[in-house]
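Student: Not my notes, these are from Swiss-Prot:
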{"type": "ACT_SITE", "residues": "Asp231", "note": "active site, proton acceptor"}
{"type": "BINDING", "residues": "Gly109, Arg175, Gly176, Gly200, Asp201, Gly202, Thr203", "note": "ATP binding site"}
{"type": "BINDING", "residues": "Asp201", "note": "Mg(2+) binding site"}
{"type": "BINDING", "residues": "Thr229, Ile230, Asp231, Met274, Gly275, Arg276, Glu327, Tyr383, Met384, Ile385, Arg386", "note": "substrate binding site"}
{"type": "SITE", "residues": "Gly202", "note": "site 'Important for substrate specificity'"}
Amino acid sequence: MDEPSNMSTTSSKIPQYDFYSDVDNLHPDQFRIQCLPGRNFISPLVEQKKDFVKAHVIHDKDLDIMYDPMPKGKCNISQSCLTLPLACPRVSLHFDPSKTTVAMVTCGGVCPGLNDVIRGITLAAVCSYHVKKVIGFKYGYWGLSKAGRHTAIELTSNIVRGLRHLGGTFLGTSRGGQNISDMVDTLVEYGVNILFTIGGDGTQKGAVAISEEVNRRGLDIAVFGIPKTIDNDLSFSQRTFGYETAVSEAVIAIRAAHAEAISHEYGVGIVKLMGRNSGFIAASATVASALSHICLIPEKNVSKKVLLSLIEARFMMAKDIVIVVAEGFGQDWPDCNEDLGSDASGNKRLTDIGLVIKKIVQDHLSKNPKYHQSTVKYIDPSYMIRACPASTSDAAFCSNLSTLAVHEAMAGRTACLITLWYSNFVLVPIKTAVSHRKIVSTGGALWRQVREVTVDGSGDIAMVHQQELSRELKAINAHRNSIMEQLSKL
């Protein structure tokens, strides 16, 4: 049997790291947040919510949390000296709310929660800070270009209140970059003081470029990122918005594949899920559903030979199997070596690994008369998952994320984004956040859970099958004895 390696090869040049592992060469300076000079205005929240000030919910203190509280080596406690600044409402502001224009843009693929973030930013800016104006630029960074700047719309509380129940993005989106100088010209033309960039790593790299051009011109504009990655692969982030919704919707697809599989003799259900470089959705949905028997992710290379042996192992114990595969898995297989080019964001187009696996399984089963009634069903729910509204949990998460982003941006924080880290909302410089990619640790807790609910081909398959039959026989005997005992009392 071929032994799978611990890590797959990806096309990305971005360094990758396991969630709870150290990132090499981290330095405290990499977590230092830029702030526009001067805080000369008192927040209206001080007057509105005096009890919050007394309770120190609103303050000007710079509070940090430990970057890594996990113990390492022989020590029983963490030795990490790195910290991340906590996000909170501030007493002193850099921007005068009455003269502040807030703008936002959504970029890249759609994701559950985008409209909740648009809504949260608008309501916090309008209702809490009473800013001069909130502007939405349409269709991603194109809306900031010369060609698209005329499509900008003003956002009000009445316009955004109903967005909670809608999928997609109210502002529209697009991929690909635009001329940085033109985009900054648009910000100047509209008198924008704060720009929120809602998108993935490509979007946030664009935000860094905008911030640098703003600095070069000496403009008083804050550029603040709100990370969007349904794959949950953002570094220095425990969870990204849309991820929990995606896992919940993925479980529905897995249940459908399971229903198909158990309805046929030697039925096979295949579900392809999002996960270009990181398999968090596939792994979490596998654990949550407890109906998947094989989980394939980019972080864990598995050969075709090993895959087929795992299928045979399952078929020795049952007559159905569900395979969950992340879209980035198997791209180094010979079947996936066709060059499909890149999309507008520069991402390599992937071969549909779900279709590849379907054909491999069909060919394998067709060679064995035992499987003459087998069937293989393939489900790709990706776009349905991306386009649905956020779950209740994700919607609340988006509200917290966007509200705190407004608080910190009003205080002059710039070139940073907001993330959740060990149940706390923290600020991370954009450059640091996009310098690494988070991946599933195949030696960590999540992958351990996956291994516990899926087929394990590492042992003696015949012995495992015998033990399973023995357990079932004991259960049947116990049930029979119970019935006999009840009959004897009649």
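Placement of Cβ uses the backbone N, Cα and C atoms for every residue, glycine included.
As the structure is a computational prediction, the values presented were derived from the model and not from experiment.
Are these features on the surface or tucked inside, and what touches them?
Tutor: In sequence order, Tyr243, Met274, Gly275, Arg276, Asn277, Ser278, Phe280, Ile281 make up the list of same-chain residues 6 or more apart from Asp231 (active site, proton acceptor) whose Cβ falls under 8 Å from its Cβ.
Gly109 (ATP binding site) has a Cβ environment of 21 other Cβ atoms inside 10 Å.
For Asp201 (ATP binding site), the Cβ neighbour count at a 10 Å cut-off comes to 23, with all displayed protein chains included. The DSSP secondary structure for Asp201 (ATP binding site) is helix.
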Student: Out of Gly176, Gly202, Gly275, which of these binding-site residues shows the lowest number of other CB atoms within 10 Å of its CB?
Tutor: Gly176
Student: Report the nearest neighbour of Gly176 (ATP binding site) in space among the binding-site residues Thr229, Glu327, Met384, comparing Cα positions.
Tutor: Thr229
Student: Counting Cβ atoms within 10 Å across all protein chains shown, which of the binding-site residues Thr203, Glu327 comes out on top?
Tutor: Thr203
Student: Is Arg386 (substrate binding site) helix, strand or coil when read with DSSP?
Tutor: helix
Student: To see if you understand the setup: which same-chain residues, six or more apart in sequence, place their Cβ under 8 Å from that of Arg386 (substrate binding site)?
Tutor: Gly109, Val110, Cys111, Pro112, Ile230, Ala246, Met274
Student: How big is the ATP site in terms of the longest C-alpha to C-alpha distance among Gly109, Arg175, Gly176, Gly200, Asp201, Gly202, Thr203, in angstrom?
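Tutor: Taking every pair of listed residues, the largest Cα separation comes to 12 Å.
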Student: Quiz question: given the binding-site residues Arg175, Gly200, Thr229, Met384, which has the greatest number of C-beta atoms lying within 10 angstroms of its own C-beta?
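Tutor: For the binding-site residues Arg175, Gly200, Thr229, Met384, the Cβ with the most other Cβ atoms within 10 Å is Thr229.
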